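Enquirer: This is the structure, below, for whatever I ask next.
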Amino acid sequence: MSSFTWRFPLRSEREWQLEAKHILESSRDTSSAHKTLESDIDTPPSFTSGRSICPKCNHTLGFLDLIPVLSFILHKGRCRHCESPISPRYLLIEISFAVISFPLILLTSSPLQFASLFLIFLSLFIAAVIDIENKWIPDECSLMIIASSFVALLLNAQPLADNVLGLICGYALVYFLRLFYLHFRQIEAIGLGDAKLLAAIGAWLGFSNLPYVIMFAASLGMIGALIIRATRSTRIPFGPFLVISSISLFYYLRLT
């Protein structure tokens, strides 16, 4: 989890850089340009292959070094090989996700229901972490939430109308709000990543619950802006507030 949220943005940014360079250097010889572009940009670590290493000593980490939470505690927050301190970021991410997702075990009645909700929570959490650290939200997270939501609805033979409307209205609301700010204030107040995330949340919780998600997220956003004394030029990611709001509403609806 913590490793994925670190590696995925690096690989995505590398792909964007390669695409940009290909466009800028399209007039050059294709084969030589391709080789030059590849060599100019460092290859970040893969999240699908290769072994994890310590960023300080480059020692390959084994199974005992990669057990979530437990490895951090057993090794007292340090690399087992070079004794360099490990960022508490990894521990915080792993514990946070465990806390928000563990109740799903108690609230689901079938493995399929648990799997769909787990994928939704996982995608929401990854979106929030990446938005906090990199100020953008992966489309893959929003697509996974949408797919998992509709698969769960179809498996349970539930009507789709409210969720389809939630998807459409969630995206449209943020999209037109963004256009409003761009036209009248010449600022990008909110990104399309937030529009896609709210669309996914609408597909998950339905149109009828969308106003509660938006109001709670907006309230959290205003409180956050006051706490950090945000100015007009301060960029505060809205995705994490949408995630907190939607997960809180989900548990509220399940427990009441």
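Note that Cβ sites are derived from N, Cα and C of the backbone, with glycine treated the same way.
Heads up, TrEMBL stuff is auto-annotated, nobody curated it.
Grabbed the feature section from TrEMBL, which reads as follows:
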DOMAIN    46-103  domain 'Prepilin peptidase A24 N-terminal'
TRANSMEM  90-108  transmembrane segment
TRANSMEM  114-132  transmembrane segment
DOMAIN    119-224  domain 'Prepilin type IV endopeptidase peptidase'
TRANSMEM  141-158  transmembrane segment
TRANSMEM  164-182  transmembrane segment
TRANSMEM  236-253  transmembrane segment
Enquirer: Below 8 angstroms Cβ to Cβ, which residues of this chain, lying six or more residues outside the transmembrane segment (114-132), approach it?
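Expert: Counting only partners 6 or more residues beyond its ends, the transmembrane segment (114-132) has Cβ contacts under 8 Å with 1, 4-5, 8-9, 93, 96-97, 100-101, 104-105, 108, 138, 140-142, 144-145, 148-149, 151-152, 155, 193, 197, 200, 204, 237-240, 243-244, 246-247.
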Enquirer: Could you give the mean pLDDT over the domain 'Prepilin peptidase A24 N-terminal' (46-103), rounded to a whole number?
Expert: 79
